[in-house]
Amino acid sequence: MLNLVLFGPPGAGKGTQSQKLIDKYNLVHLSTGDLLRSEITAGTELGLKAKALMDEGILVPDEVVIGMIDNKLKENKTAGGFIFDGFPRTVPQAEGLDRLMKENGTEITCMIALEVDEEELTKRLLLRGKTSGRPDDQNEDLIRKRVQEYNNKTTPVANYYEKQGKFFAVHGIGEIEEIFDNSCAIIDRHLAKAQ
Ligand code: ADP
């Protein structure tokens, strides 16, 4: 089973690369951002609470996102593998994910971290905000707040996987295909080792 964590700050290109990786390796996509936005659209209580935080660029509580992932893993018992996008975003979430993987008799294969500097991120997110309709992409202060949350709470997650020998960085600026090829090279090395 191939279980990938796609890591990187907001605007790093996780959505774009996820889609390509899903197609190539036949994975189920689990994006906590998308799951939260569906809750908002559906007008659930969870969605209502999450929206207030998301509109401020603040992370929603760990137990909320871990619970959502747990449900999705249970709904996809026969999947050949997963790609986690925008999750885990804190060390407790990473610990929660390890526990859930273990309960399902599997583990995280590796983390692919897309590296992009803050200036480029802000530029990309403001551009995305013009068409995505996402309120959190339309305001520069909010974008900086999200990058700050990432630097404070999410960066330690890289270290968590590094300690397990599962962290791999990919330069996230340049041609989409080149970034994809570099990511695949890392994944294929793991798959070859697992056989
Ligand atoms: P981006 O990576 O562009 O910030 P996402 O769609 O992944 O976009 O997330 C949007 C917002 O949803 C985040 O700013 C945060 O408030 C919330 N969110 C998404 N995933 C998580 C998570 N794993 N833990 C806590 N909050 C999350």
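Glycine residues also receive a Cβ, built from the backbone N, Cα and C atoms like all the rest.
Remember, TrEMBL labels are computer predictions, not curated facts.
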(request) According to TrEMBL, Gly11, Ala12, Gly13, Lys14, Gly15, Thr16, Gly174 bind ATP; identify which of Arg128, Arg134, Arg144 is listed for that same site. (result) Arg128
(request) Quick one: which of Arg124, Arg146 does TrEMBL put in the AMP site with Thr32, Arg37, Ile58, Leu59, Val60, Gly86, Phe87, Pro88, Arg89, Gln93, Arg134? (result) Arg146
(request) Go through the binding-site residues Ala12, Gly15, Thr16, Arg134, Gly174 and pull out the ones with a Cβ less than 6 angstroms from some atom of ligand 1. (result) none
(message) Counting by DSSP secondary structure, give me helix, strand and coil numbers for the region 'NMP' (31-60).
(response) 21 helix, 1 strand, 8 coil
(request) Just name the most isolated of the binding-site residues Ala12, Ile58, Val60, going by other Cβ atoms within 10 Å of its Cβ. (result) Ile58
(request) List the Cα distance (Å, whole number) between Ile58 (AMP binding site) and Gly13 (ATP binding site). (result) 20
(request) List only the single closest residue to Arg128 (ATP binding site), chosen from the binding-site residues Thr32, Phe87, Arg89, Arg134 by CA-CA distance. (result) Arg134
(message) At a 10 Å cut-off from the C-beta of Arg89 (AMP binding site), count the other C-beta atoms across all protein chains.
(response) 20
